């Protein structure tokens, strides 16, 4: 039976191979059909682009999608790339948006994006393959996804305790999409080509978001078009008066955490034994992402990226992965960044911030009061609902917002069992990343090391940030799902690797000097 990855619906196959004319036998019918399709598309484009509806960008994309798929083929890969690229960029909309929730850092509405539609298309193809039997459809992973299932179940159960059920449903809908992407990647990624496509899409998203951030920061001109909006923020004079880039992610901290999670994997691609185009893509995304990360001036993101890069460089040097040219390139990027951004970075990291960091401590104190009064949690996305009741006179002069500690947020909203379930997800991802770093072949081992470092950095960063951004958690769950698939590859790579290729070293940092990078 053919691989489901290669099978497409018959009409898509025929169109992609020979054009829509093959579906019609006579040339007059072909001419009439072509004219009708052209007029319909032209009229629809005029109506959609002239509409003020928030649904216009999504409707236009839906009109064009079948024709793009017909021309390009590989419908699954198109949808998968679209799902990943739209994680940071959008376009998206919030239906039923409630400003009183969003202003305090909660999920303020029903979030629907182009990625949501693409993810729905991926599941339609998967379910269709399973029902029709035209190809072997991958089976849903269950055992490996147990922590995610448990975490999702606890989030749903917490709705029973929520004073604002609608707010809880806002984040539940958001979480359904995140878990759906995790399950899809964990279950359906079966070949190295699948992995390469996902990695390439992540690097394209990183590069595009970085270019947008750099352009907006350089020109000072923001834009809002087709559901995609950009932003720069300026801190008060008392907090340093810095201008910080946020790109399309709403806040500099959210943008910084997204970039920090991916810069080390981008650098790792340059030392992987991958197709040249993929290595060049990583080589382009790394400096762009580094510059954009600096422009966010997010101290927590700097710490997260620093941990990831130190892990990659330390293990890479030990395993002799880095060529002299790579080391020179990294030094050049660091030198340029130090010359251009050095004074600003020093002022941001070591200068007086007039209590900006200390302002997060009262939020944590409020969180512990909420936890004491609600040991089972106040319900998903409901910390903002109960927050006003806990803001007494002693907090009247403090900055009031969602907790800048994602672990405390989970504890306050979902309860201690929910926090343990989330920690289980993070721990399982870290363990799989380390396993893959030690067992994968030379094409993916450095990438796994970088992901291992990024997960450690992310785990630390969650102590000091809100983490209520789609891009932050979606990237984490995407990587967690990808690591489940990579674990399957690592077992096969380990079986193929001859025992004579191993070099005995301390178990903490294995090395493969006799075989090159990772195998």
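Glycine too: its Cβ is placed from the backbone N, Cα and C atoms.
The stretch that TrEMBL tags with transmembrane segment, taken from the ranges 410-430, 494-514, is 410-430. Which of 31-49, 221-239 counts as transmembrane segment depends on TrEMBL, and there it is 31-49. Range with TrEMBL annotation transmembrane segment, chosen from 195-218, 363-386, is 195-218. Each residue of the domain 'O-antigen ligase-related' (287-423) gets a DSSP state, and the totals for helix, strand and coil are 99 helix, 0 strand, 38 coil. Only pairs six or more apart in sequence are counted, and the transmembrane segment (321-346) with the transmembrane segment (140-161) gives fewer than three Cβ pairs under 8 Å, not enough to call it a contact. Sequence-distant contacts of the transmembrane segment (442-464) (same chain, six or more residues past either end, CB-CB distance under 8 Å): 192, 195, 199, 257, 260-262, 264-265, 267-269, 271-274, 300-301, 303-312, 315-316, 321, 360, 404-407, 426, 429-430, 433-434, 436, 476, 479, 483, 486, 489, 512, 515-519. Touching of the transmembrane segment (77-97) and the transmembrane segment (286-315) is ruled out by the presence of fewer than three CB pairs under 8 A, sequence neighbours closer than 6 excluded. At the 8 Å Cβ cutoff, the transmembrane segment (255-274) and the transmembrane segment (167-186) share fewer than 3 close pairs (sequence separation 6 or more) and do not count as touching.
Only sequence-distant pairs (6 or more apart) were considered; of these, at least three Cβ pairs between the transmembrane segment (195-218) and the transmembrane segment (470-489) are under 8 A, so the stretches are in contact. Here the transmembrane segment (109-128) sits against the transmembrane segment (167-186); at least 3 CB pairs are under 8 Å, leaving out pairs fewer than 6 apart in sequence. Between the transmembrane segment (410-430) and the transmembrane segment (167-186) there are fewer than 3 Cβ pairs closer than 8 Å, counting only residues 6 or more apart in sequence, so the two stretches are not in contact.
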